Amino acid sequence: MSVEELKDTVHKLHERIQQLEKKVGVLPSSQPDFAKQLRLVLIGAPGSGKGTQSTDLKDKFCACHLATGDMLRSQVKQGTPLGLEAKKIMDQGGLVNDEIMIGMIKQELETNQDCKKGFILDGFPRTIPQAEKLDSMLKDRKTPLENAIELKIDDELLVDRITGRLVHPASGRSYHKIFSPPKKEMTDDITGEPLVQRSDDNEAALKKRLVTYHAQTEPIVEYYKKTGIWQGIDASQKPAKVWKDILKCLGQ
């Protein structure tokens, strides 16, 4: 068989494979399979374990972790159009509006390669209008939310957790001085970079944040219960058990 005949045979085989893929509904590898994406909102009070579980979810599902606070700081630092608009509002003491936040999430979904296999939203939405605008944007992209998982834990337990929390700023990995210490004191296990304790990780600041959190979150939980995608998990358990429960919620 000549080289040209071999090429022709390979070409015909490739065409035949594509025909068979279409018959059984297999998408070409160049197209994202939206049906298999992780599309999740993670709900939880400060210290409930969202950061820890988001990192594990990101690694397991090769999805992107969209922490809106981090996104906002990144956009401002990079000087993007949305970041500049947000900075102008913040410099005047205002709150960044929903349109800018939705725009940042949409931009991240469209440009971040890690988001091709799904996303974990952390810290957003916080109000019913935000949830409605998020749903509208995601439905327009044909990537509606599949799950809203709430990490439930008593406020009293959160105080012990949060006051000993240590964070690796670049990745969001979190540790605890007592319950989950790093291998080397004040040092990230993966990168060897220093850990920090956030200035607002103290009891007085936490109690103020919890009042705001509960006022905002209860309506959001009810919203997602009505849509049928909400599930609650006991976050007072050990992280490994919480992780197993999350996987059960995701059908794993």
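Every residue gets a Cβ built from N, Cα and C, even glycine.
According to Swiss-Prot, the protein carries these features:
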- Gly47, Ser48, Gly49, Lys50, Gly51, Thr52, Arg165, Ser174, Tyr175, Gln237: ATP binding site (BINDING)
- Thr68, Arg73, Gly94, Leu95, Val96, Gly123, Phe124, Pro125, Arg126, Gln130, Arg198, Arg209: AMP binding site (BINDING)
- 67-96: region 'NMP' (REGION)
- 164-201: region 'LID' (REGION)
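Rounded to a whole number, the distance between the Cα atoms of Arg198 (AMP binding site) and Tyr175 (ATP binding site) is 12 Å. Around the Cβ of Gly94 (AMP binding site), the number of neighbouring Cβ atoms within 10 Å comes to 10. Cβ-based neighbour count (10 Å, all protein chains) for Tyr175 (ATP binding site) stands at 20. Cα spacing between Thr68 (AMP binding site) and Gly47 (ATP binding site): 16 Å, rounded to the nearest whole number. Taken over all pairs of the listed AMP-binding residues (Thr68, Arg73, Gly94, Leu95, Val96, Gly123, Phe124, Pro125, Arg126, Gln130, Arg198, Arg209), the Cα spread reaches a maximum of 27 Å, rounded to the nearest whole number.
Using DSSP to sort the residues of the region 'NMP' (67-96) gives these counts of helix, strand and coil: 22 helix, 1 strand, 7 coil. In terms of C-alpha distance, the listed binding-site residues Gly94, Phe124, Arg126 place Phe124 closest to Gly51 (ATP binding site). In the three-state DSSP assignment, the secondary structure recorded for Arg165 (ATP binding site) is strand.
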